[in-house]
Amino acid sequence: MQFVAVLAALGALVAPAAAYPHAPMNETLVDVQLTAVGNTMVKATITNKGDSVLNMLQFNTIMDENPTRKVMVFQDGVEVPFTGMMPRYLMSDLTEEFFTTLPPQASVEHTFDIAATHDLSAGGKYVISASGAVPTAEEHSTTITSTALYESNELHMEVDGVQAAAVEQAMNFTPEMQSIHARALEKRTKIVSGSCNQNTLRATMNALGNSARLAQAASRAASQNPRKFQEYFRTNDANAKQRVIARLNSVARESSSANAGVTTYYCSDTMGGCKPRVLAYTLPSRNLVVNCPIYYNLPPLTKQCHAQDQATTTLHEFTHNPAVASPHCQDYAYGYQQCISLPAAKAVQNADNYALFANGMLSNLFVFTLN
């Protein structure tokens, strides 16, 4: 792929895009109720309120088994920082093990410890709530066909800080990791070379370069193509557009160097976050990005529209880092149809919208130039 030449042409791309239909979305299909079942233990009861079977994908929802951001935790009106992981999952060839099947009016319960992903050692009164989008497939299928939004009740909890402090953090650093990370920060190192072999270092550096060029091109396209911006971010509001452009420019700057920046990048995992289907993940509390083994199975840069590759995965993860752009992006939805179904306020704060927009600009250009 002649990437530089293609991106040079991208700056002139202003052709309007055809309208894309929304994926079906239902705001009343899934009900989520939170209850306290211990000092910092929360039980989520998820109920299918519809009249047909729901096959619900667990990734980055309140049903996710990984230490992802399932709830928002507030104390005195201020959100308690999240200390868990923000992963990007491999979304192709999904299998049944990653879905939860619920008949009509049936419920499933999922229990998790909020102290494992939040520092609650201060103790006292906290308010917990959950909101998100569940990708759904039809019964006996793993093809995502719709999305169900959910908003939970507000749960008020009185937390014993001493007990909360005794809960092990899900993404806790080992002494070795603490030392490596401290040295990297002291040297302002972007890629931690000790986490890489020759092949993974080359791939990661290549991904950084491609991420920088993609983000730059997407920033230009955001200002030049209002139809495309509306398609991916659900608005053409001037303030929202400026936020998106600023975030893409920040990602481009952060991606432009392998040995300086505000994030620390690991070619391999030593914290146990590379669970099944995780391509890469970010710890926003530490501005740290980790590539997983299957990241290196992705193509460096794909021509396939809305497919995943190394470059857009790196771009996706950088949007999760508050040092790159604040507020950092969340994982409200995955995949093109789900992302363009988000309301505008969430679309401009959703990491995959940025990755898809960057990929879509490049992919659409190939179609445009080859036709």
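Just so you know, glycine gets a Cβ as well, placed from its N, Cα and C.
Going by Swiss-Prot, these are the annotated features:
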type: SIGNAL; residues: 1-19; note: signal peptide
type: DISULFID; residues: CYS196-CYS267; note: disulfide bond
type: DISULFID; residues: CYS274-CYS292; note: disulfide bond
type: BINDING; residues: HIS316, HIS320, ASP331; note: Zn(2+) binding site
type: ACT_SITE; residues: GLU317; note: active site
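Taking the features listed in Swiss-Prot, we show where each one sits on the structure.
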residue	record	Cβ within 10 Å
CYS196	disulfide bond	19
CYS267	disulfide bond	23
CYS274	disulfide bond	21
CYS292	disulfide bond	24
HIS316	Zn(2+) binding site	31
GLU317	active site	30
HIS320	Zn(2+) binding site	27
ASP331	Zn(2+) binding site	25
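When the alpha carbons of CYS292 (disulfide bond) and GLU317 (active site) are compared, the span between them is 12 angstrom.
For the pair formed by HIS320 (Zn(2+) binding site) and CYS274 (disulfide bond), distance between Cα atoms is given as 17 Å, rounded to the nearest Å.
Those residues of the chain, other than HIS316, HIS320, ASP331, with a C-beta within 8 angstroms of the mean position of the Zn(2+) site C-beta atoms are MET86, PRO87, ARG88, THR282, GLU317, THR319, CYS329, GLN330, ALA351, ASP352. Rounded to a whole number, the distance between the Cα atoms of CYS274 (disulfide bond) and GLU317 (active site) is 14 Å. Secondary structure at CYS196 (disulfide bond), as computed by DSSP, is coil. In this structure, the C-alpha atom of CYS196 (disulfide bond) lies 15 angstrom from that of CYS274 (disulfide bond). The two recorded residues HIS316 (Zn(2+) binding site) and CYS267 (disulfide bond) have their Cα atoms spaced 16 Å from each other. Between the CA atoms of ASP331 (Zn(2+) binding site) and CYS267 (disulfide bond) there is a gap of 22 Å.
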